[in-house]
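Chemist: After the structure tokens below, expect a handful of questions from me.
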Amino acid sequence: MKGIKLKRRWVGGLALCLVLSHGLLAATHDDVAEPEALSETLMQRLAGLPENDLPVDAFYRLHENQPVWQEEAAVEALVKALEHLEDDGLEPENYQASQLLAAYRQAQQADADTQAVFELRATRQLLLALDHLERGKINPQETLENWETELDSRRYNLSKVVQGVDARNLDAVFALARPGTSEYQSLRDALRYYRGLANQPAQASLGYLPSRNEALRPGMTHEDVALLRRRLVQVGEPEVMRADRDAYPEIAVSSPQPLYFDETLEAAVKRFQRRHLLEADGVIGRQTLAALNISLSSRVDQLRVNLERARWMTSIPRDTPRVWVDIAGYRLHYFRPDGERWRSKVVVGRSGRDTPLIHSAITHLTLNPSWTLPPTILREDVLPEVRRDQEYLARNNIRVLNANGEPLSPDSIDWSAPGNIMLRQVAGPGNPLGDVVIRFPNDHMIYLHDTPAQGLFRREQRALSSGCVRVENAEEFAQLLLEDSGSKQRLSRLLNGSGSDRTVRLPQHIPVTLGYVTAWPDAQGNVEFRPDIYQRDQKVLAKLQRPLN
């Protein structure tokens with residue numbers, strides 16, 4: 001049923017659109033409709049609408065089956081609100097923003113049927129826009145093969161929508177559907193800022209920093225430093241620019257040596273690097289240069305894509321403890337209803353072994369875990385090593401098992417065609433899962449876990465695993481999960497008093513989401529831009545830009 005409902009939501013409007021288009025083409029212009037005739041015709045049109053997920057019928061029932069869009073001021077208010085969807089990364093023309101006023105005026109000179117057709121057309125565009133604003137234009141299950149989060153039914157109050165339309169307060173109507181999270185608002189603010197810059201010819205045409213054989217470093221004097229200052233001003237670092245009242249009237253702080261890479265500029269570069277998950281060394285190396293040279297239009301597209309992702313995530317509950325794994329940000333956040341309780345760095349899957357998008361619930365912990373190698377790692381990583389040197393297994397405490405879990409001698413295996421075997425690394429200091437695994441149901445054999453390779457957390461970019469998520473300070477996190485799920489047990493005692501592979505179940509399951517966003521605000525609301533490590537942005541952008549009709 002879920003799949004049927006989702007398909008109806010995104011594609012079911014086509015037949016309705018065709019029905020609503022008929023009357024405008026066939027209308028006669030001899031008589032303008034009387035109100036009674038229009039109401040009767042509207043009811044007939046409503047009765048003949050095809051089945052559709054948009055609540056057009058319910059909208060008019062709340063309005064006593066009377067027309068809504070019979071005054072030009074009402075249509076103008078709708079058009080203005082649709083135009084403002086640009087601030088949400090949606091395209092107003094997908095909702096016929098530039099066509100509705102002319103269509104209204106034409107319908108007002110025509111018969112009741114033509115006016116009824118326009119009524120339903122305008123209402124459909126309103127409801128479609130509200131639906132897309134609340135839950136996203138794109139069906140994520142058709143875009144992302146690993147998306148497992150079920151979309152909620154619409155949550156806005158349709159009665160308040162009708163009241164807002166009657167009051168000509170369409171901004172309030174759209175606010176009912178717009179996600180109210182602080183993250184969404186920060187992305188929306190950033191989109192307005194970058195789009196505003198992109199619409200300024202002087203900013204949009206600002207030159208790119210040239211490639212260099214030698215990195216641009218603090219203490220250097222070079223003509224590229226002046227351009228570096230200008231590009232940093234674009235991303236919110238005005239203090240690095242010498243005062244130029246004509247080009248930058250809002251900047252009062254001056255830099256007396258604009259070609260000199262001074263300490264103020266170095267600090268600004270480090271802030272930029274941290275916001276882009278780059279090594280914060282203050283040096284304009286290859287990766288920092290590439291990030292600085294990303295065009296304003298590309299940033300606008302990136303923000304639009306991530307506003308859409310933010311709309312998909314509005315169905316995730318926020319009224320209970322929950323875990324958010326920010327894959328592209330290499331962080332785990334643990335929230336309680338009153339805010340963030342704990343955060344940590346994580347290591348995620350490298351490109352080609354992507355960490356999938358998952359929404360599930362943490363059910364249990366495994367203490368002192370052994371590690372059964374996943375098929376991909378066995379096939380692509382370990383078998384080549386064993387074929388070169390069979391002692392690899394003994395050195396790494398890896399045992400060979402048959403499909404029933406019974407031990408086999410490595411000498412009995414034809415390693416060129418090993419068949420249906422399992423490899424399992426015993427618990428202990430060298431085990432890559434560390435001391436604790438945090439488990440939740442999913443179809444991808446993915447879990448969160450401790451790791452002995454703590455040095456990896458010192459890197460800024462941490463797409464280094466084979467898909468599972470390594471958590472810094474995983475034992476501390478596991479203890480929080482025990483406490484918030486109602487357990488009285490202490491993890492340290494459990495670890496010391498158990499053998500390998502001990503299961504500890506959480507009395508209450510805790511929701512967990514593994515999400516992928518390439519632009520997202522930090523705790524202060526400043527939007528970070530991250531590398532698109534899995535090359536997913538363009539696929540979402542293409543669907544976001546595709547016309548509806």
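Along the chain as shown, the residues are counted starting at 1.
Cβ coordinates are placed from backbone N, Cα and C, and glycine is handled just like the others.
Grabbed the feature section from TrEMBL, which reads as follows:
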- HIS449: active site, proton donor/acceptor (ACT_SITE)
- CYS468: active site, nucleophile (ACT_SITE)
- 321-492: domain 'L,D-TPase catalytic' (DOMAIN)
- 1-26: signal peptide (SIGNAL)
Chemist: Please report the three-state DSSP label of HIS449 (active site, proton donor/acceptor).
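Modeler: It is in a strand.
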Chemist: Measuring Cα to Cα, tell me the gap between the residue listed as 'active site, proton donor/acceptor' and CYS468 (active site, nucleophile) in whole angstrom.
Modeler: 8
Chemist: Across all chains shown, how many C-beta atoms besides its own are within 10 angstroms of the C-beta of CYS468 (active site, nucleophile)?
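Modeler: Total other Cβ atoms inside 10 Å, all chains included: 23.
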Chemist: In the predicted model, what is the mean pLDDT computed over the domain 'L,D-TPase catalytic' (321-492)?
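Modeler: Overall, the domain 'L,D-TPase catalytic' (321-492) comes to a mean pLDDT of 94.
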Chemist: Measure the Cβ-based neighbour count of HIS449 (active site, proton donor/acceptor), defined as the other Cβ atoms within 10 Å of its Cβ.
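Modeler: I get 25 for this one.
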